[in-house]
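Trainee: According to TrEMBL, the protein has these features:
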BINDING   A:ASN89, A:TYR92, A:GLU93, A:CYS147, A:THR182, A:ASN230, A:ARG235, A:SER246, A:ALA247, A:LYS248  Mo-molybdopterin binding site
DOMAIN    A:108-264  domain 'Oxidoreductase molybdopterin-binding'
Amino acid sequence: MHFLKDRGFQHRIASEITPQAVYEERRRWIQMAAAGAALAAGAGHLGRAHAQTVTAPGKLAKLPAVRSAVAGANTMEKPTAYEDVTTYNNFYEFGTDKADPARNATKFKTTPWTVAVEGEVKKPKVYDLAELLKLAPMEERIYRMRCVEGWSMVIPWVGYSLAELIKQVEPTGNAKFVEFVTLADPKQMPFVGSRVLEWPYVEGLRMDEAMHPLTLLSFGLYGEVLPNQNGAPVRLTVPWKYGFKSAKSLVKIRFVEKQPTSSWTKAAQQEYGFYSNVNPKVDHPRWSQATERRIGEGLFAKRRPTLMFNGYEPQVGQLYAGMDLAKNF
Amino acid sequence: MTTTAPARTGAARTRPWLLHPAVKPLVFIASLLPLAWLVWGAVAGTLGPNPAEALIRSTGDWTLRFLCLTLAITPLRHWFKQPALVRLRRMLGLFTFFYGVLHFLCYAWLDMSLVVGDIVTDIAKRPFILVGTAALLLMAPLAATSFNRAIKAMGGKRWQALHKAIYAVVLLGLLHFFWMRAAKHNFGEWSVYAGIVAVLLGDRLLRARMTTPKLAALATPQGGAQSLGAARRD
């Protein structure tokens, strides 16, 4: 190929250039084949499957998925712009400013990657990422995400219910809680070593919360693999809890008898409890949780009322029947 | 202090450019630049995914920065022997109040939708907001008496006593910022401001002690040598 100053690149043999229409057609075929495979994989499981509803932004590798049939898994609300979802992040290993993770995680290495599943299980196992990706059909789920700081997003995730993985390792009767441990690599993560939190970042769920079909093991968003700043290559998404419960870049999943102490509870016990269910009636000590600001709606949009359990009350309300949620915040 | 305050140190050599008539207008315009930048950002949509948060935070940051600048005038004119710097202090003080009011308005509007009942409840309920509001209210009488006739009417001493409230304002402001960041153990930025304020207030404390007779003697080389009986090399 030659570069001509006035015309850009010139192909030496014009007949060898693939016409745009041809390669676009080819690309569509590949996409359809991939979607078809996903459909075939998901059809039996779901009974009914739709093609993807969210258009991939074309930034990262595609992660085809079928629309989830889990109740409550697909809000009709408009997803927050990909740009906002991927540039406004709390991922303190990469910095405390919202813009830091996108900036500091560009060289984060997510392959090879393994997740050790251990503790009170009959079949402990170290999974590598490829195995995890194949473990169950990928589903697209459009969840509301509510941050404890008082803002929210709507994110189209790709993954499958954590329960799928839990079933494989067969927890024993002693398993009452699940502890999630995330990567803390000071070489790649500039803020591991800062005193903001105790590293590695640890989170936990009660067994029934972990088994709930809405609890998602996420591998992607917007039809593509997870961007590093959003917790690549694999993270948790628990849509009825404040965002920080959804640990990013998981390396270990432990089944334990006692309630784990999460990093945020360690940092400020009076502000961040174990449950951290989204609850408009229980204030954070320093601000009200009654309303939230939806990211991307602009400066003049009014804050919207926060919904009990982030709007997932019909699905998860019974998990907390009889509990005092002001005490178990 | 009035702009005609006489130089305290005989050795002061006022840089002529500090007395140039353009200095004040230039500082005035420079002080408006943060606001211009924020307004531009709000209009052009360059304040990031959460512009409301960006506005509330930035106006708070600028309040604290102007507060530091205002408090820096006195130490700076001593260190650099530039008494004329004091000409800028009143304007910087007023800009501190200005950005403080903007900070409050952004909070009241963007977080509280200007619902007075909600604002009052929120302030009463949350110590960190209460402390910030107290700092702002304390600044109001200082801003209100920042013209020459007020000084005359009040009398220099009383005016000065009132304006010492700026020290309470800066401490409340720092506490407000500290509490806001407290649960996140994220004190990097806060420490920078706290450090600057410590230097600016520490210099005043040291100087105040120097001006008591005995210590003043220590401050001059001869006096120091005499009272300490120290052997000086030179």
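Every residue, even glycine, has its Cβ placed from backbone N, Cα and C.
TrEMBL: automatically predicted annotations, no manual curation.
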Trainee: Comparing the binding-site residues A:ASN89, A:THR182, which residue's C-beta has the most other C-beta atoms within 10 angstroms in this structure?
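Mentor: It comes out as A:ASN89.
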Trainee: Cβ neighbours within 10 Å, counted over all protein chains: which one of the binding-site residues A:GLU93, A:ARG235, A:ALA247 has the most?
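Mentor: Buried the deepest by this measure is A:GLU93.
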Trainee: Through the lens of DSSP with three states only, how would you label A:GLU93 (Mo-molybdopterin binding site)?
Mentor: helix
Trainee: How far apart, in angstrom, are the most distant Cα atoms among the Mo-molybdopterin-binding residues A:ASN89, A:TYR92, A:GLU93, A:CYS147, A:THR182, A:ASN230, A:ARG235, A:SER246, A:ALA247, A:LYS248?
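Mentor: It comes out at 19 Å between the most distant Cα atoms.
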Trainee: Per-residue pLDDT averaged over the domain 'Oxidoreductase molybdopterin-binding' (A:108-264) comes to what?
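Mentor: Mean pLDDT for the domain 'Oxidoreductase molybdopterin-binding' (A:108-264): 97.
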